[in-house]
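Annotated features in TrEMBL:
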- A:64-253: domain 'ABC transmembrane type-1' (DOMAIN)
- A:7-28: transmembrane segment (TRANSMEM)
- A:60-87: transmembrane segment (TRANSMEM)
- A:99-121: transmembrane segment (TRANSMEM)
- A:133-153: transmembrane segment (TRANSMEM)
- A:174-197: transmembrane segment (TRANSMEM)
- A:232-253: transmembrane segment (TRANSMEM)
């Protein structure tokens with residue numbers, strides 16, 4: 001029984017990995033090989049044109065720089081905002097706290113497409129259209145991260161905070177020296193998920209960014225799809241390159257991904 | 001007394017200060033747009049010209065807009081196929097990987113991997129695998145004698161190719177949530193079943209699946225809400241085609257707002273979408289409440 005079970009599990013894993021494997025095969029094969037007669041499930045020759053050709057023709061490097069900039073700035077700002085707010089909503093009493101929290105959480109289920117037109121108008125009014133900041137700023141309102149931060153900080157014992165208060169520490173100092181050091185697992189989850197959301201985001205940058213030089217990798221990939229048409233070699237190569245940072249983050253922090261997801265599911 | 005009061009006041013001030021950045025971004029970029037979208041949906045905006053007040057005209061247009069109803073039907077059909085498939089596959093994977101086996105962590109990670117790949121990349125893989133002329137799926141179907149399937153030139157196959165990719169992406173999340181829920185079922189229940197001589201199948205049907213009920217319900221609601229927002233893979237893989245046979249509510253709203261530049265009309269579609277998601281959330285909330293009481 002256990003042997004069958006393992007065989008099933010491995011078959012499933014092979015099936016799940018196959019599309020990525022096929023991407024790699026396509027990326028290193030010549031397009032003639034991929035179109036030609038005969039079915040090969042492995043590369044018959046290795047070529048690098050699929051990699052070098054688009055890199056020399058299109059501003060892929062710029063797209064990568066834009067993606068990195070947007071993801072890094074968004075992660076830093078979002079995580080700081082969510083940690084501060086999480087602390088306030090979990091541990092400090094202030095007027096309107098519960099109402100504000102419920103209002104924020106209720107935006108969790110609002111589809112992006114509901115607010116895209118008004119958000120677009122705001123970005124135009126602020127003069128941020130076409131800029132990285134136009135992509136970053138509206139997405140700082142990230143309810144899921146705030147919710148995770150608040151839930152995590154609720155579990156920190158009040159006594160720790162009160163003891164620090166008796167020593168005469170200011171709240172800001174307590175937040176920095178008592179609370180944050182206890183929040184390492186939370187910070188890891190927030191950083192990883194925010195990075196993934198911003199790195200993979202497509203619809204919003206597609207709306208905000210106009211000039212091809214200012215694209216992110218995801219918008220750039222759509223641009224390449226329209227350029228290359230049926231020639232999938234270069235497309236797969238560029239798509240693979242764009243996945244590398246995400247795959248590395250996943251490989252390093254796999255446990256956090258799975259735990260974070262599971263926690264969001266149990267609630 | 002005075003010290004207590006000043007301490008309370010100080011705590012309130014610090015609390016507000018800590019919450020201020022979040023409250024500010026939510027107020028400007030979420031709450032305000034959520035109010036404004038109703039306002040814009042009552043206007044007619046064509047091109048870059050000035051908006052004109054038209055009352056409920058956009059909503060009347062929606063009612064008689066064939067593409068809107070097609071998009072709603074497509075979204076519902078996509079949801080009705082994709083959500084149960086992801087659910088069953090996720091549960092099967094969780095039951096399979098819940099027992100000890102070699103390399104279990106690695107296998108779980110592989111099942112989850114597609115969930116971290118961007119929608120655009122997933123859609124590109126899908127477009128390539130399901131390419132009608134030279135894609136691998138049709139090549140294999142051809143060898144087996146079942147193909148070629150018109151994945152791009154006919155509506156139903158195009159929708160099914162989207163479902164296939166959504167299954168690949170969504171299986172891992174369902175599996176992870178089910179795995180966590182399986183950990184939560186008390187061991188004694190299974191042991192009792194074994195003592196009573198229950199078969200594996202009976203245990204699964206009578207114990208495991210009922211115990212996972214709340215999780216299944218949660219996953220169905222999340223699945224429906226997510227499916228109603230499916231944008232990236234549709235926009236990149238099929239572009240809503242052929243014709244409008246894979247146009248979804250959100251891709252239609254996007255093209256109305258940002259391709260045809262009828263932002264009032266796009267906002268009206270957004271409001272309808274909002275109401276649909278709202279109803280589903282309320283249903284979930286009420287069912288949960290009833291269960292908590294029971």
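Placed from the backbone N, Cα and C atoms, the Cβ positions cover glycine too.
Proximity of distant same-chain residues to the transmembrane segment (A:133-153), defined by a Cβ-Cβ separation under 8 Å and at least 6 residues beyond the stretch ends, is recorded for 70, 73-74, 77-79, 81-83, 85-87, 89-91, 101, 104-105, 107-108, 119, 122-123, 126, 179, 183, 185-186, 189-190, 193-194, 197-198, 201, 204-205, 208-209, 216, 260, 263-264.
Tertiary proximity for the transmembrane segment (A:7-28) is limited to same-chain residues at least six positions away from its ends with a CB under 8 Å from its CB atoms, namely 34, 41-43, 46-48, 50-51, 232-233, 236-237, 239-240. Residues 71, 74-75, 78-79, 82-84, 87, 91, 139, 142, 144-145, 148-149, 152-153, 156, 160-161, 164-165, 246, 249, 253, 256-257, 259-260 of the same chain lie 6+ residues outside the transmembrane segment (A:174-197) yet bring a C-beta within less than 8 angstroms of a C-beta in it.
Through the fold, the transmembrane segment (A:232-253) approaches residues 23-24, 26-31, 34, 49-51, 53-54, 60, 64, 67-68, 188, 192, 195-196, 199-200, 217-218, 220-221, 224-225 of its own chain, all at least 6 residues removed from its boundaries and within a Cβ separation under 8 Å.
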